[in-house]
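Over in TrEMBL, the protein carries these features:
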- 22-42: transmembrane segment (TRANSMEM)
- 54-72: transmembrane segment (TRANSMEM)
- 78-96: transmembrane segment (TRANSMEM)
- 117-135: transmembrane segment (TRANSMEM)
- 155-180: transmembrane segment (TRANSMEM)
- 234-252: transmembrane segment (TRANSMEM)
- 282-303: transmembrane segment (TRANSMEM)
- 315-332: transmembrane segment (TRANSMEM)
Amino acid sequence: MRTILVLYLTQKLHYSDDDATVLYHVFTMFVYFFPLMGAILADSWLGKFKTITYLSIVYAVGSAVIAVGAIPTLGLPASVMTVIGLLLIAVGTGGIKPCVSAFGGDQFKLPQQARQLETFFSLFYFAINAGSLISTSLTPVLREDVHCFGNNDCYSLAFGVPGALMIVSIVIFICGRVLYTVKKPEGNMIVVVSKCIGNAITTRIKEKKTQKREHWLDYAEATYGKQLINDIKSVFRVLVLFLPLPVFWALFDQQGSRWTFQATRMTGELGPYTIKPDQLQVVNPLLILGFIPLFSYAVYPVLAKCGIKRPLQKLTTGGILAAVAFLISGFVELELQKTYPVLPQENEGQLRIFNGMSCDYKIISNIPNYQNFDLKSMALFEEKHLNVTSDSVSYQIDFIAEDTNNCPALKATEIEIKQKKAMSYFLYGNYSDLAVHSYEDNPDKGSKGYPVVRVLINTKANHDIKFSEINGDHLQYTFNRSSMILTELPPDQYAIRYDDVEIKVVDLKLGGVYTFVVTEDNLNKVNIQEHVIAAPNSIHMLWLLPQYIVITAGEVMFSVTG
């Protein structure tokens with residue numbers, strides 16, 4: 001579910017990248033926090049079996065809430081339902097994470113079945129990563145390749161399938177109740193340790209002046225016994241190993257947020273197949289399955305010869321690897337920034353003029369540095385850095401036809417350039433009248449990473465322009481004169497048809513922003529011109545592999561050591 005979460009937040013709920021990242025990591029924080037509560041609940045009151053059962057149901061309900069909220073035809077408050085669903089999933093995770101492996105361990109008798117227990121945990125860890133591998137591969141396919149409710153994606157299915165599978169697993173788990181060894185709750189050690197520490201602090205305050213003790217925890221010895229006190233002292237000495245863990249996992253979880261956003265600005269074409277941005281996360285569980293034996297039999301012996309043997313040394317090495325992974329990510333981002341579209345900045349505005357006529361024009365204006373220039377038929381004038389120090393600035397333009405006998409002119413036309421905006425003007429009309437249509441443009445790449453298309457039509461009849469997929473799902477997208485909005489299309493080759501007659505084949509690539517000008521000449525021939533407003537993605541997603549490999553190596557160092 002987390003595989004597609006940030007894309008759902010940005011593409012469907014229209015969160016900014018920053019807000020989506022914050023919500024994603026708040027959710028992740030709760031996913032790691034609630035297992036503490038789940039462990040206390042299981043050990044102190046319900047027991048592991050009931051805790052797993054009840055909170056798995058909560059998890060399934062959370063998945064259902066998000067899936068139902070993602071159905072656009074119901075008109076439900078999707079943002080609110082998503083937050084509620086995520087909270088329920090986090091609570092449900094609190095009962096699953098700390099209890100499932102421990103419940104599995106309860107099924108073995110020690111020390112007689114120590115070997116079988118070791119085999120169980122190996123298979124358990126393998127199953128977790130295999131499941132992660134499958135879900136990370138398939139969930140993006142359900143999201144993007146399945147179309148439902150009139151959309152070109154199906155987030156409700158992508159969220160609903162994990163919920164349905166969770167329900168199936170709950171039923172299977174409950175049906176096996178008679179086969180399990182179910183132990184009664186024996187009290188949670190976190191609670192006991194907390195009470196012991198509290199007792200030591202209060203007793204020390206009372207007896208500090210009358211009875212001196214070697215260690216402040218020794219003040220609780222009368223109540224909790226020497227063995228527990230010594231155990232807690234040992235825990236405190238080990239805690240130093242866990243200090244870097246929050247930093248590492250905070251970096252590690254960027255795979256589901258910032259690294260996914262990074263992938264949306266890259267190309268994923270790999271022969272006939274296109275890698276989806278969220279699908280790249282499959283690299284982590286895939287590498288884990290191979291890295292664990294590789295590290296056990298090759299890497300750790302080599303590190304031992306280099307003097308890296310102790311747990312703290314391995315944790316430090318894992319932290320260094322995480323830092324290296326983000327250095328690599330930073331260099332990739334620097335290269336990516338060179339491919340990003342130029343957006344209007346402070347004290348700037350952008351101007352684009354599209355000539356939708358079958359006529360060439362000479363432009364006379366009072367725009368600084370552009371008092372006189374030519375605009376050919378179906379051509380584009382573009383200036384990305386016009387000086388705009390106030391909210392907006394107005395200019396006057398004369399459109400003078402080079403063929404005055406067959407083409408109309410338009411004089412004293414006022415255009416407005418707004419600060420931090422991209423303004424576009426479309427010159428259209430017939431061979432006796434000329435007009436200009438203005439609109440606020442958006443040269444930025446699409447939120448899905450898909451190619452973005454706008455079609456400007458100047459034909460005698462208001463017939464539809466149709467973009468038909470040549471490969472893919474053979475979908476068809478319709479444009480007409482009254483709808484000149486930006487539309488995201490799946491990357492593919494498209495046959496462009498007017499009146500069901502093919503007039504051009506275009507290749508729309510990931511990340512590209514395109515404007516197509518369609519015009520009809522005096523011989524009734526329809527022509528189309530493609531203008532690239534923002535270049536398509538040019539850096540391949542496979543350049544993200546080094547940072548995934550390095551962060552996964554760091555994860556193995558941390559997970560196995562920790």
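Any Cβ shown, glycine's included, is placed from N, Cα and C.
Listed stretches 54-72, 117-135, 155-180, 234-252, 282-303 were compared with the transmembrane segment (78-96); the greatest number of C-beta pairs under 8 angstroms is found for 54-72. Below 8 A, the CB atoms of the transmembrane segment (117-135) and the transmembrane segment (282-303) form 3+ pairs separated by six or more positions in the chain.
Tallying C-beta pairs under 8 angstroms between the transmembrane segment (234-252) and each of 22-42, 54-72, 155-180, 282-303, 315-332 places 315-332 first.
Stretch with the largest number of CB pairs closer than 8 A to the transmembrane segment (155-180), among 22-42, 54-72, 282-303, 315-332: 54-72. Same-chain residues lying 6 or more positions outside the transmembrane segment (54-72) and placing a CB less than 8 Å from one of its CB atoms are 1, 8, 12, 38, 46, 78, 80-82, 84-96, 149-151, 155-157, 159-160, 162-163, 166-167, 169-170, 173.
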